[in-house]
Amino acid sequence: MEPELLSMVPRPVCAVLLLFPITEKYETFRTEEEERIKAKGQDVKSSVYFMKQTINNACGTIGLIHAIANNRDKMNFETNSSLKKFLEDSLTMTPEERAKYLETYEAIRVTHESSAHEGQTEAPSIDEKVDLHFIALVNVGGHLYELDGRKPFPINHGETSDDSFLEVGRENLECCNAEFLLISTKIIFKNYKNICMSCLYIMIG
């Protein structure tokens with residue numbers, strides 16, 4: 001997205017979902033980035049909610065969980081929300097334990113599958129090979145974090161703010177050739193709709 005278009009987006013934006021193709025170039029970049037971080041280290045705040053992805057073709061659901069989990073204080077959950085319960089139950093778990101918990105969490109699995117089938121495009125099966133991938137960008141404590149369940153850890157892309165969040169995200173992740181799906185603090189999450197496909201349906205109040 002061009003800078004002049006980003007400037008038209010209402011602020012603040014609390015999270016961004018990125019959809020991009022998994023290419024050989026990106027996989028090479030991902031491997032090199034992980035090796036560099038493992039060698040040099042990075043600072044990651046303990047308050048960052050991160051989980052691994054162990055379910056095939058669930059990157060959209062994982063991305064949305066990452067976006068909401070790291071903005072819980074801004075969300076208005078419905079009474080008896082299964083997502084709210086999942087987040088509360090998994091708050092003290094490790095990223096691997098959260099992934100295992102999601103595998104057995106029936107309410108989110110059913111919602112994911114039923115909502116995907118509401119879309120205009122047929123949803124991929126759990127075993128189908130998909131070359132598109134969702135990740136989330138969030139602002140936690142004034143730092144921009146990339147949260148990708150395929151990676152071993154969150155990636156700290158440096159300082160950001162409510163005003164610069166989109167611009168910093170764009171500068172750091174141009175290599176992905178991604179589409180931006182913006183999540184503002186005004187969004188009311190009522191359900192998932194086709195989030196593993198190319199569109200994320202959202203309601204803006």
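Note that Cβ sites are derived from N, Cα and C of the backbone, with glycine treated the same way.
Copied from TrEMBL, the annotated features are:
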{"type": "ACT_SITE", "residues": "C59", "note": "active site, nucleophile"}
{"type": "ACT_SITE", "residues": "H133", "note": "active site, proton donor"}
{"type": "DOMAIN", "residues": "1-205", "note": "domain 'UCH catalytic'"}
{"type": "SITE", "residues": "Q53", "note": "site 'Transition state stabilizer'"}
{"type": "SITE", "residues": "D148", "note": "site 'Important for enzyme activity'"}
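For H133 (active site, proton donor), the nearest of the recorded positions Q53, C59, D148 in terms of C-alpha separation is C59. The 10 Å shell around the Cβ of the residue listed as 'active site, nucleophile' contains 24 further Cβ atoms across the protein chains shown. Between the CA atoms of Q53 (site 'Transition state stabilizer') and C59 (active site, nucleophile) there is a gap of 7 Å, rounded to the nearest whole number. Packing around D148 (site 'Important for enzyme activity') is summarised by its Cβ count: 23 other Cβ atoms lie within 10 angstroms of its Cβ, all protein chains included.
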